[in-house]
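> What follows is a single structure, and I will ask about it in a moment.
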Amino acid sequence: MVSPVTVVKSEGPKLVPFFKSTCVYFVLWLPTSSPSWFSALIKCLPIFCLWVFLLAHGFSFLGAHSNARKILAGLIFSALGDAFLIWQEQGYFSHGLLMFAITHVLYSSAFGMKPLNVRAGLVISAVSSVTYVLLYPYLSGPFTYLVAVYVALIGFMGWRAIAGLQLANDLWTWTKLSACLGAVLFMVSDLTIAVNKFCFPVPYSRAIIMATYYAAQMLIALSAVECQDAEVARKRT
């Protein structure tokens, strides 16, 4: 397993633009009541930086690892979803929902189906079902089934990320832990969006949503780079 020190030295500098752009978003804190292309750019900028983070590992790395390509594609659809959600009050919420649904399909594919971990799948299924049952009374029209499909997709993505984390017998790696934490934070972010939009106002909802969302995307992007870091570690030993 690659040591944390190697990870920080290898990946830390590539993530500096992401951290800076995230700080810019929270410092500017542009009002959501006045959507604009500038506010969309500021919101999407940290995700653009994660594109660059993965691309910085080289096209040969992306060409050799399909999971990294899928995560990059997921980040592209995430940026589109972020842009649509800037104008959600103008009727583009469902468009953003679709973009993030595609993102979760791509992330699920990147995490793979091995190991299966049925127990984790049953737990996530139960949590997803309870979540939808609690949201259902507040849903109407097409959101009744759109939210159901979305909950199923993000739940599936969470299952595949969590299933890969095998704590027993030292089978876990920092990237699998990163994927797991990223998926959980993504679910927290989207649950906060759903409760705030359909049920009742959540205090500090925007801060909670964006902080967990950016952290989730960074962790998921990090989960794609294990192979290259392993190669770096081997060369140094």
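Just so it is clear, glycine is given a Cβ too, placed from its N, Cα and C backbone atoms.
All TrEMBL annotations are machine predictions without curation.
Heads up, here are the entries from TrEMBL:
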TRANSMEM  37-59  transmembrane segment
TRANSMEM  71-87  transmembrane segment
TRANSMEM  93-113  transmembrane segment
TRANSMEM  120-139  transmembrane segment
TRANSMEM  145-165  transmembrane segment
TRANSMEM  177-195  transmembrane segment
TRANSMEM  207-225  transmembrane segment
> Contact between the transmembrane segment (145-165) and the transmembrane segment (93-113) is defined here as three or more C-beta pairs under 8 Å separated by at least 6 residues; is that satisfied?
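Contact criterion met.
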> Would the transmembrane segment (207-225) and the transmembrane segment (71-87) count as touching if the test is at least 3 Cβ pairs under 8 Å, pairs 6 or more apart?
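By the criterion, they touch.
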> Quick test of the contact rule: Cβ under 8 Å, at least six residues beyond the ends. What residues does that give for the transmembrane segment (177-195)?
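The answer is 100, 107, 111, 131, 135, 147, 150, 154-155, 157-158, 160-162, 164-165, 202, 205, 208-210, 212-213, 215-220, 222-223.
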